[in-house]
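Below is one structure, written out as structure tokens, with a few remarks after it.
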């Protein structure tokens, strides 16, 4: 008889344990043995058993398990199962990290990552094929709106596979915070329904306590040109700004503006001229809210980078020129204060639209969803890239379904209070899809394309590059354990299918925008996987974490505008107040901003996941090194921020979430 020691770990979430019995089998290269004992998994506990089998099973390949029930089906969340063989042999880990439902037999392969080429005997081939066949039935491509990149099939939360659902702690926190936000909204509405809003300070009535220090700073300084310019470098949406290589063709100078043109050309020659162009909004149909027409603009802002690092606006154009009409006015810092302030408010409102729809929803959430669905359809759990990327896909499908059924759905938040709601938001997403280029998802390429490399006051650029480099080294070290040559990359059919599924299917012809349809070298696969992980971690955090700081003071980022863009320079305070959101719109913007932008209590920082998908000492050493480099970057950012008047923390590893989970 041969003795095996077995440990079974159950998750710690509220319903993770089960009242059903679990039976186990061990499968080795020399045979299979059914274990006579049955287990009752207990939440948050490890169960250890010792069993004797008639003969040595050889190197272990699988643990099979089956959950039995008589009257009541009770799902079980299994973390992992480990087995120690006869003598003082090494303990072998079989990762699971999923719900076990029904009474079918589930096979868990040993946790060493293996490509098809690393399984020359085909010991795991049938398992790989069966797992992917089952997954493709569960994870089907869907099409939320024609003309967009694809999403997971299903229109409601119950359509999702159970393993994609929030665990209890996450679900309770999300739903309680939503209820609190709606309660605050009701209170603010009741307190302000009979009051008149005549002054910008009246927005303080809904700017309640509990705001961040930076949000309070924004409230106090939002009119300043320096803060206006700073947001393009390090605000909630650092994705619009680029260094000018020529004066934009749309910038038409009316008579008397020769001096301005000369100033812009001087900055251009000196390499200190930057622009933020919102032409994507041109022609988008604006919302109608409660029978009241809302309005959009498509601004252009030209800014100059000063020697002290401040980025200051030089001129604002709110609309594109149109044939047969006079050129649109150019608004200048020397204009009357309310005229200049209103022009900046229009820019900030336009930035709100592009940020939430293009930078955040499309490039963050929906792109991560494409990666998630393709991964589940194409990579078996034994594949090293699956093991590498799966922690960065946690909760993404559920948060996206919640967004599609609450934020951007018919009669959702966008339809209720955002100027691109009512269908304009969908049209904008379709237009923005044409700009989903491969290079734009890779900071070294994107920052070079936009001329932001070397801009000392762009902390986003500095931190994005550093985080990308750390993730790249992590990916490179893991994949070097499995792909020893470029030929090994080319000959991995699962890898090639995954890459093609993302590009051709999920991104709907992404090869036309530079995405690869195959991976031909070790460097290419490392670059592609780094892009996937960075998109799900750093890039999303860089456009998510700033919402509470920059959008809580509504005049700094108006969700909608209630009067048309000005065509003259006679604006007054009354004009500004009549243009900005009313108290209900402003209150709802603040409530949603608080719920989605607050620091999440149920949060896993990048690289800090507890799940161990890899077995063996080498991957563990690589993860340890990854965490050490993340900690060093975190400390560097902390030290730098201590010297800054306005700290930049949106890419600080301790605050960057490990996946798109909110």
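Every residue gets a Cβ built from N, Cα and C, even glycine.
From a predicted model like this one, the values you see are computed outputs, not experimental measurements.
If you take every residue in the domain 'PLAT' (2-114) and average the pLDDT, you get 93. Residues or ranges marked as domain 'PLAT' by TrEMBL: 2-114.
Residues or ranges marked as Ca(2+) binding site in TrEMBL: 17, 74, 75.
For 99, the entry in TrEMBL reads site 'Essential for stabilizing binding to COTL1'. The Cβ of residue 99 (site 'Essential for stabilizing binding to COTL1') lies under 8 Å from the Cβ of 75, 76, 77, 162, 163, each of these being in the same chain and 6 or more residues away along the sequence.
Residues annotated as domain 'Lipoxygenase' in TrEMBL: 114-662.
Sequence annotations record features per position, and here TrEMBL assigns Fe cation binding site to 360, 365, 540, 662. Around the Cβ of residue 360 (Fe cation binding site), 24 further Cβ atoms fall within 10 Å across all displayed protein chains.
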Candidate binding-site residues 360, 365, 540, 662, pick with smallest Cα gap to residue 74 (Ca(2+) binding site): 662
Fe cation site, defined by 360, 365, 540, 662: further same-chain residues with Cβ within 8 Å of the Cβ centre: 361, 364, 368, 399, 543, 544, 660
Taking each of the binding-site residues 365, 540 in turn and counting other Cβ atoms within 10 Å of its Cβ, which one has the fewest? 365
Between residue 540 (Fe cation binding site) and residue 17 (Ca(2+) binding site), what C-alpha distance do you get in Å? 33
Neighbourhood of residue 662 (Fe cation binding site) by C-beta distance under 8 A, where only residues 6 or more apart in the same chain count: 174, 399, 544, 596, 600
Count the Cβ atoms, other than its own, that fall within 10 Å of the Cβ of residue 75 (Ca(2+) binding site), considering every protein chain shown. 15
Long-range Cβ environment of residue 17 (Ca(2+) binding site), under 8 Å and at least 6 residues apart: 10, 41, 42, 43, 44, 45, 76
